[in-house]
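Shown next, in C-alpha cells, is the structure this report addresses.
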Amino acid sequence: MLLPRALLAAVLLAAAAPRAEAFYLPGLAPVNFCEKSKETADCKAEIELFVNRLDSVESVLPYEYAAFDFCQNPEEKRPSENLGQVLFGERIEPSPYKFLFKKEETCKTVCTKTYDAQKPEQKQKLNFLKKSMLLNYQHHWIVDNMPVTWCYDVEEGQRFCNPGFPIGCYITKDGHQKDACVINSEFHERDTFYIFNHVDIKIFYHIVENGATGARLVAAKLEPKSYKHTNPENPDCSGVPMDINNQASGEIKIVYTYSVTFQEEKGIRWASRWDYILESMPHTHIQWFSIMNSLVIVLFLSGMVAMIMLRTLHKDIARYNQMDSTEDAQEEFGWKLVHGDIFRPPRKGMLLSVFLGSGTQILIMTFVTLFFACLGFLSPANRGALMTCAVVLWVLLGTPAGYVAARFYKFHICSPHQAFGGEKWKTNVLLTSFLCPGIVFADFFIMNLILWGEGSSAAIPFGTLVAILALWFCISVPLTFIGAYFGFKKNAIEHPVRTNQIPRQIPEQSFYTKPLPGIIMGGILPFGCIFIQLFFILNSIWSHQMYYMFGFLFLVFIILVITCSEATILLCYFHLCAEDYHWQWRSFLTSGFTAVYFLIYAIHYFFSKLQITGTASTILYFGYTMIMVLIFFLFTGTIGFFACFWFVTKIYSVVKVD
C-alpha cells in the first residue's frame, strides 16, 4: 500500500523544495497564495475555480459544462488540454466562481437563470437539466489542480470524499428519493426535481515554512445545498429548497449562489494533499489484502510450474543424449520424435508475424508506461499524462513492430538463405502498419460518431482526429517500414534442427492435448492474477473513480508476463510429448485466450456492477471494451509465443539429433 504513495510523495516533496534547488514535474509545481495586500509575482491573491466535464455512472456520455445552462464565464480563455485529456473527454473551462485568498464570502450571487415553459429554447434547456438530474450527472470542480470534494458519511462510519457532486436529484411519482435526495428530509414532494443551486466551499491551506512567502492550498471541500431565493438581489441562503415540479408550466427562476470560508490546516502538507481522497475510497483496505493474496497464489503456482518443467526436461534431455546406438534411436518417444517438423511453417504465418509485431509494440508500450507511472510522473494530479504517454510511445515504437514482424515472417515463410523474404514482404510491412491499428481506429471512429450524434464532450474534435492520423501515417508507419527494412536485411533466424520435406502424421490426441481444451485451459491462470486489479481498472474507467495503485499494477504486470510464459510452456511441452508439432498458433492463442476471459468478465461487470441505461451508452461500453480486448489479446498472445519459441529453440538445440 505504501509503495505507490511513497513514490508519489517523494516526487511531490522534490517539487515542494526551495525554488533554487527544485525539480518540478509538469503540472505539479506548487503555487503560493497571499492576501490581496501582500500579493507579489510569486504569491497570488486570486484563487481560480475551473469546471470540468459532467458525467454519470448511469451513462457513458459525458457533457462539457457549457452544454448545460449554468453560470458561464465566456470572456476568459479556457486552459489548453493535452492529447490524453482530449481522448478521455476532459473539457476544463474557467468558471465565474472567483475567490480572494482569506476573503470569506457569504451567500454571494453568481447569476440567475430564468426558464419560460412557453418558449421552446428555454423549455429545451430546462428539460436537459431535468434529464441530467434524473441520470445523476455530477459536477467536477478544480481548485489549484485539486478536485473540490464533497465528503459525506457512508456505511460503517467511513467518510467518503467524492471528487464530484450532483446537479440535483429527483423524487419519483411514488415518493422514492433517488440518489442525493436522501440527504435532506425537506426533499419530499413527489414527481419533483431539487437542484443544488448553492455550495458552501471551505478551502484549507498550509503556511509555507521553508522561507517562501504565503500559503499553499491543501484541500477544497464543499457541501451542495438547495435554496429557493425569494430575493435574487439580496439572497440570505435560507428557507425552502429550490424545487422544480415535473409538470410545472410557468416561469421558473434559479438563483446560483455560493459561500466560501478559509481554514488553516497544519496537519496536511502540500506533498500529501491527495491522501485524504485516496484513503476515503471504498474497499481501499480490502483490495490490498486481496491483491497480495492473489500474488502469493500466482507466485506459488508459477514456482510449481517452473519446478516441474525444469526437473522433467532435465531428465528427458539427459536420457535422449545418452542414446548413441541405432537400436536406442529407434526407441525414441515424446517430443524428440517431432524434431524434423517442429520448425515447419505454420498456416497463416503472415498473419501470425503481423500479430507478433503489433503485440511487441503494445508490450513495450505497456512496460514503459507503467514504469513511469510507478515513479509518479503519471499521477492523477498530472491530468491526461497516462494516455498521452501511451499514445506517444505507441507511435514511436513502430520500429520494433516492423522489425519483429519481418524477422518472424522470414523465419516462418522463407528459408534462411533468402535475402528479402520473397514477393510478399511488402504485404507484411503494410499489414503490420495498418491491420491492427486500423481495426482499433475503425472501432474508435464509429464510437466517436455515436458521441458526435449525442453531443457528448467525449467526442474527439475533427482537428484532433486529423492529428492522430498524422501521428499514425507520418511517424508510426515510416518507423514501421524502417524496422521492417532492418528485419528483412538480417539473415533469417537459424533453425537448430533440419525440417523434413514430408510432414509427419500426428497421432490421435487425447482430450486434454487437443487444441481447443488446451487453449481454453491456458488462459485461466493468467486471468487469475489480474482479475482483482481488473475490477479497479474498470471502476476507474466506467465509475469515474481515481486509479493510483500503479506500483501494484506494475507488479501484477510482471506476474502476468511470468504466468503467461510458464502456462504456455507447460502446455506446449504436453503437446510436443503427444507428438503434435503445431505449436506456433497454439502458443499464441493459449496465452491470448486470457483476453476472452477479460471479455466475459467485462460483460459480467456491465450487468452486475454498472447502472448504465440507454442504447448509445451500451454500444459505447462494448465498443470500447472490444478495443481493450483486442489490445490485451495481442499483448498476452505475443508473450506466450515468445516464451514457447524460446523453449522450443532451447530444447532442440541442446538435444543431439542424428
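Each residue, glycine too, has its Cβ placed from N, Cα and C.
Note that this is a predicted model, so its numbers are computed, not measured.
Taken from TrEMBL as is:
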SIGNAL    1-22  signal peptide
TRANSMEM  288-310  transmembrane segment
TRANSMEM  351-378  transmembrane segment
TRANSMEM  384-409  transmembrane segment
TRANSMEM  429-452  transmembrane segment
TRANSMEM  458-488  transmembrane segment
TRANSMEM  519-542  transmembrane segment
TRANSMEM  548-576  transmembrane segment
TRANSMEM  588-607  transmembrane segment
TRANSMEM  619-648  transmembrane segment
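A contact between the transmembrane segment (351-378) and the transmembrane segment (619-648) is present, since 3 or more of their C-beta pairs, 6 or more residues apart, lie under 8 Å. Remark: the transmembrane segment (429-452) contacts the transmembrane segment (619-648), by the rule of 3 or more CB pairs under 8 A. For the transmembrane segment (619-648), the list of distant contacts is 60-61, 342-343, 352, 355-356, 358-360, 362-363, 366, 436, 439-440, 443-444, 446-447, 450-451, 522-523, 526, 542, 560-561, 564-569, 572-573, 576, 583-584, 587-592, 594-596, 598-599, 602, 606, 610, 612: same-chain residues at least six beyond its ends, Cβ to Cβ under 8 Å. In summary, the transmembrane segment (519-542) lies against the transmembrane segment (588-607): three or more C-beta pairs, each 6 or more positions apart in sequence, are under 8 Å. Residues 352, 355-356, 518-520, 522-524, 526-527, 530-531, 534-535, 538, 542, 564-565, 567-568, 571-572, 618, 621-622, 625-626, 628-630, 632-634, 636-641, 643 of the same chain, all 6+ positions outside the transmembrane segment (588-607), place their C-beta atoms under 8 angstroms from a C-beta of that stretch.
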